[in-house]
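Visitor: After the structure tokens below, expect a handful of questions from me.
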Amino acid sequence: MRGPLGAVIGRYTSSDGSAPNDGIIKHNRKCRDITFLVIFIAFWVSMIVNSSFGFNQGNPLRLTYGLDYEGNVCGSKHRHRDLTQLELRYWLNPNQVYESGLKDGELKLANARTICLLDCPEPSDDTLNWVCDYPDGEIRLKMNDWIDRNYDYFEFLTPEMRNSSLQLQGPCYPVIFPSVNVYWSCQYIARASNSSLRHWQQMGGVNIQDDMIIDKSIRGAMNSRASVLKRYVADVGKSWPVLIVCGGLIPLFLSIIWLFLIRHFVAAMPWITVVFFNMLIISVTIFCYLKAGWIGNDAVTPIIGEHDPYFHVYGRELTHVRGVAILMTFISAVAILTSIAIIRRILMATSVLKVAAKVIGEVQELIIFPAIPFAMLAIFYMFWLLAALHLFSSGQVVQNNCNNTNCCAYDLVLKKVNCDHCCGYSIRYTPHITIAIFFHLFGCYWATQFFIASSATVIAGSVASYYWAQGEASPEIPFLPVFASMKRLARYNLGSVALGSLIVSFVESVRFILEAIRRRTKVRGTTPDHWFSRIGHYTSHGCLKSVEWTIKSVNRNAYIMIAITGKSFCKSSAIATELIINNIRRIGKVNVIGDVILFLGKLCVSLFSALFGFLMLDSHKYRSSHNKVSSPLLPVLACWALGYIVATLFFAVVEMSIDTIILSFCQDSEENQGNAQHAPPDLLETLDSNEEVEVQRLITH
């Protein structure tokens, strides 16, 4: 049976009239859950080792640009060839592109000969343009001269080289089809230039296939799931200034402003939060409609640079944005209806927020304290994002095996047509890389939960000191309660915080994996047919979500009791759960409505961050040239997630203040036969009136 907590965290006169106990948070504390602290430290060491693998093997440019016929990444500098300015991938042999698009063809587009160029070549109306291999062997041209000549040195070729070029075996290849820059690849337009084709035929060139398959083959490769995923990850890397501004600075500023407003205008803030939330979610929805092309003509486009008037392509990115627009429409409708439904409950939330505002006024360091975990998280995220980009792009560049295809190309160094090593290159990903990526993602979530939990524990320890001292400036209260609470956390409770954050991360990971499996089985049409199986199939998601929410709620209360009692995580969870169950009717409605208002406040900050990120990504910098993002979707989601995390850190000041006061109130009531001796008057009025209403309702029925 647990003893009274008053002796642990504050001066009080016990029910038997005995003298006050020791003092505020002065009892026999010791380190708890050390095993999990060791596991957490070992995990960080593993994260560093895992990231070092990515830094050694990865190259983020692979996520954006392709490989040329030598296995070099376009847009980067290599040992024997500088391709820094040559960012575009171009398929030299149009017949290879055609063959790769045939259903029964053995040649894959990955094996087709590609080269890195500065811009996409265009056919000429007067003569036949050529794109030749990089100058080597007898071709005494520098790379800059080759670029200045529009990649053409056909006039310098020997008769043997010219003959092989007319057989589409290089080293020079004719420009027959116009092309346009689509995601840094020169997309063929299946509309051959009649003038260039006529010149080619007059020179005795082999027959060139002119068909829509040429267009579809390249487009299909660029719209594959792997290509889209790489582009989305690359978008996050390119938009790092947007992430800093909209995922860090803006939510930091808005969260601090919100705390100051809740401190001085607490009665109006719930109403302002609800109205502002609805305005923001409607604004984000309208902006999604704009980017989807349903309002105006500003839709997401894969074309980079000038548009070809005869070429229109709608990639998967546009479909994704339209899906988000539909989802936001549904969310907006639900949000507005929910806001109308909770209008009567906002007054109750205001009463609780007044108590929290009073505590923040007494412990003013609480307003600026979240800047410490914010700075630590910002440093961690910068390291994590850089490592993630390298991990996603890690792998070995290997030459494909295409012995069954008639693939030959002229080798300028060997001075002959070579059919042994003419296949294209690709990046080979091993199972180890997949495991490393998932480990890296899990590490991000666990570290985030750990920082949030540590911040919550510090805030709870600071607020508890003042509750049990009845707001008096007792000499027993540390001069800076926030830093005293941080010291206790670092000395005794890091293991308990690591355990709590690990539980949340593990449950969330399991839910994510099961949700992915559920979606995949739904796509493949393998959903159970039996009605009983379908019920289990569809309710499992809801159950897992409920379990996740329950664990997060229990953890939050456990952190409070850890800060107060110094007990282990499991013991603190049991104490907090018992207190809540014994007082569920008294505090349930007040706590839920307060959480709803705080949740809407977090969404306001994150939605504003997402909307501002949308506006920044809509500027010219991110819509053209090498900084172009393929879709604003993932960077905006990243801004939203980062904004929500930053808001969670700062709003935890109010959230944990409310929860700490309520739990302390429950314990105070139990120790004093139902009459809390240390509770502030505003809290007594709110909770007692809530209990009276509940009792009156039970008597009436």
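Yeah, the Cβs are placed from backbone N, Cα and C, and that goes for glycine too.
Copying in the features that TrEMBL gives for the protein in this structure:
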{"type": "TRANSMEM", "residues": "34-55", "note": "transmembrane segment"}
{"type": "TRANSMEM", "residues": "240-262", "note": "transmembrane segment"}
{"type": "TRANSMEM", "residues": "268-290", "note": "transmembrane segment"}
{"type": "TRANSMEM", "residues": "324-347", "note": "transmembrane segment"}
{"type": "TRANSMEM", "residues": "367-389", "note": "transmembrane segment"}
{"type": "TRANSMEM", "residues": "489-514", "note": "transmembrane segment"}
{"type": "TRANSMEM", "residues": "592-614", "note": "transmembrane segment"}
{"type": "TRANSMEM", "residues": "634-654", "note": "transmembrane segment"}
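Mind running through what each feature is packed against?
Guide: Beyond the ends of the transmembrane segment (34-55), by six or more residues, the same chain brings 383, 387-388, 390-391, 394, 436, 439-440, 443, 446, 450, 494-496, 498-499, 502 to within a C-beta distance below 8 angstroms of the stretch.
Residues 258, 261-262, 296, 298, 321, 324-325, 328-329, 331-332, 335-336, 339, 342, 346, 349-350, 353, 597, 600-601, 603-604, 607-608, 610-611, 614 of the same chain lie 6 or more positions beyond the ends of the transmembrane segment (268-290) yet place their CB under 8 Å from a CB of it.
For the transmembrane segment (367-389), the residues of the chain that approach it from at least six positions outside its boundaries are 50-51, 54-55, 58, 60, 63, 233-234, 236-237, 240, 243, 248, 252, 255-256, 259-260, 263, 360, 437, 440-441, 443-444, 447-448, 451-452, 454-455, 458-459, 462, 482, 642, 645-646, 649-650, 652-653, judged by C-beta separation under 8 angstroms.
Here the transmembrane segment (634-654) has long-range neighbours at 232-233, 235-236, 239, 242-243, 246-248, 250-252, 254-256, 258-259, 262, 353, 356-357, 360, 366-367, 369-370, 373-374, 377, 381, 448, 451-452, 455-456, 459, 598, 601-603, 605-610, 612-614, 617, meaning same-chain residues at least 6 beyond its ends whose C-beta is under 8 angstroms from one of its own.
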